[in-house]
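*Asks:* I have a structure I would like to understand better, so I am pasting it below and will then ask my questions one at a time.
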Amino acid sequence: MYSFNTLRLYLWETIVFFSLAASKEAEAARSAPKPMSPSDFLDKLMGRTSGYDARIRPNFKGPPVNVSCNIFINSFGSIAETTMDYRVNIFLRQQWNDPRLAYNEYPDDSLDLDPSMLDSIWKPDLFFANEKGAHFHEITTDNKLLRISRNGNVLYSIRITLTLACPMDLKNFPMDVQTCIMQLESFGYTMNDLIFEWQEQGAVQVADGLTLPQFILKEEKDLRYCTKHYNTGKFTCIEARFHLERQMGYYLIQMYIPSLLIVILSWISFWINMDAAPARVGLGITTVLTMTTQSSGSRASLPKVSYVKAIDIWMAVCLLFVFSALLEYAAVNFVSRQHKELLRFRRKRRHHKSPMLNLFQEDEAGEGRFNFSAYGMGPACLQAKDGISVKGANNSNTTNPPPAPSKSPEEMRKLFIQRAKKIDKISRIGFPMAFLIFNMFYWIIYKIVRREDVHNQ
């Protein structure tokens, strides 16, 4: 009986003990503070009750804000020589520290916020100095990222498409290497308030497999500082330089090879018979007109610049060779017809000599007429140049050299035709050799010498 009462007492004490412990835990749980919701935390961090003012930069009246920039290139293309600009799609990332946004109340080390929160914080006033046109991307939502870290670091990323100016030097076109720049500058804050700098690692990144239609984007990229001095102060500026080497495959197929074939086609005229005037003239005029059209087409996609380009020299020399081939036939035709002119000249000369000889003979045979022979003057003396007579008492004493035998018209014709054919034979070798020498100098200068000068710059 005694042991039963003792057991009941022990059980009662145990129940009371656990009941009191449970009630204390419940009371402690009710009295513990509730965890802060994300909305309450953001209101406390940057809301109206936080005292945060987005109009005031971090470290106001203190050291300047250092903004680290990084660019990721999604696409690079639409390089236009006529307007001298290029189009690029990038992720622009900016990082800076805002001590007012540091927190300890929230468990996460970083917060990825909605883009609408960007209006609630201070942001750098970055703009692209050489920008000609730009737009944001809003499909399917605003392509913007805002991330705040526990220590107050802010990451702001945005996707934009830019059309940037790119002054080009086209002297070596289409074997040129262009350098296009991208300048990032502060619009309103001077260097006393804001400083841009490139990220130490991977400041400019390029998407894998990025290719350009006519250019090769070189891996080395120059990152520079370009501080701007204006009347309103000294402003921070950084720039990236992209080196673009043109691939001339398109121009080789569309311009160089066709013009080369036209020049070679004009040389066929040297193998056509010189008597086939319609064929040779038609071929010459056709090649000249075709070369002129080809030259005009090469300039259609290029700006009107004051200097001479490599393609201009090529087209001008090709046109010169084609035109020279046409002039060569004019020379051949002229030389081949010279025997007719010479025969016509001889006939005229004989026609003028005959009346004079008849006159002298009549004077010598007629009675009572003055005889020049008595004074040693005959027709030969009268025909002497400048009226000077031959000395001697008697004309018979004067010895005249025998006249050179004149060639027959057929021999003269063959002589001049041989001269014309010789011009054709020389042209068959001379024109290709001259064009080959020009090609050697042209390609050596523009592919080796000029390229080394560009790389040295």
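From the backbone N, Cα and C atoms, a Cβ is placed for every residue, glycine too.
Take a look at what Swiss-Prot says about it:
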DISULFID  C166-C180  disulfide bond
DISULFID  C226-C237  disulfide bond
CARBOHYD  N66  N-linked glycosylation site
REGION    391-410  region 'Disordered'
TOPO_DOM  29-250  topological domain 'Extracellular'
TOPO_DOM  273-277  topological domain 'Cytoplasmic'
TOPO_DOM  299-309  topological domain 'Extracellular'
TOPO_DOM  331-425  topological domain 'Cytoplasmic'
TOPO_DOM  447-457  topological domain 'Extracellular'
*Asks:* Could you break down the residues of the topological domain 'Extracellular' (299-309) into DSSP helix, strand and coil, giving a count for each?
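*Replies:* Here the numbers are 2 helix, 0 strand, 9 coil.
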*Asks:* Checking distant contacts: for the topological domain 'Cytoplasmic' (273-277), what same-chain residues at least six beyond its ends satisfy Cβ-Cβ under 8 A?
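*Replies:* Beyond its ends, the topological domain 'Cytoplasmic' (273-277) has Cβ neighbours at 329, 332-333, 336, 417, 420-421, 424.
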*Asks:* Quick one: pull the CA-CA distance for N66 (N-linked glycosylation site) versus C237 (disulfide bond), whole Å only.
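*Replies:* For N66 (N-linked glycosylation site) versus C237 (disulfide bond), the Cα atoms are 12 Å apart.
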*Asks:* On a count of neighbouring CB atoms within 10 A, which of the disulfide-bonded residues C166, C237 is highest?
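*Replies:* Buried the deepest by this measure is C166.
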*Asks:* State the residues, same chain only, that lie 6 or more residues beyond the ends of the topological domain 'Extracellular' (299-309) and have a CB under 8 A from a CB inside it; answer 'none' if no residue qualifies.
*Replies:* 81-84, 170-173
*Asks:* When the number of other CB atoms within 10 A of each residue's CB is tallied over all shown chains, which of the disulfide-bonded residues C180, C226 has the maximum?
*Replies:* C180
*Asks:* If you draw a 10 Å sphere on the Cβ of N66 (N-linked glycosylation site), how many other Cβ atoms land inside?
*Replies:* 14
*Asks:* DSSP on the topological domain 'Cytoplasmic' (273-277): how many residues come out helix, how many strand, how many coil?
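*Replies:* With helix first, then strand, then coil, the topological domain 'Cytoplasmic' (273-277) has 1 helix, 0 strand, 4 coil.
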*Asks:* Can you give me the Cα-Cα distance between C226 (disulfide bond) and C180 (disulfide bond) in Å, rounded to a whole number?
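*Replies:* About 15 Å separates the two Cα atoms.
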*Asks:* C-alpha of C166 (disulfide bond) to C-alpha of C237 (disulfide bond): distance in Å?
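*Replies:* On Cα coordinates alone, these residues lie 17 Å apart.
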*Asks:* If I take the alpha carbons of C180 (disulfide bond) and C237 (disulfide bond), what is the distance between them in whole Å?
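*Replies:* So the Cα of C237 (disulfide bond) lies 16 Å away from that of C180 (disulfide bond).
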*Asks:* Where does C166 (disulfide bond) sit in the DSSP three-state scheme?
*Replies:* coil
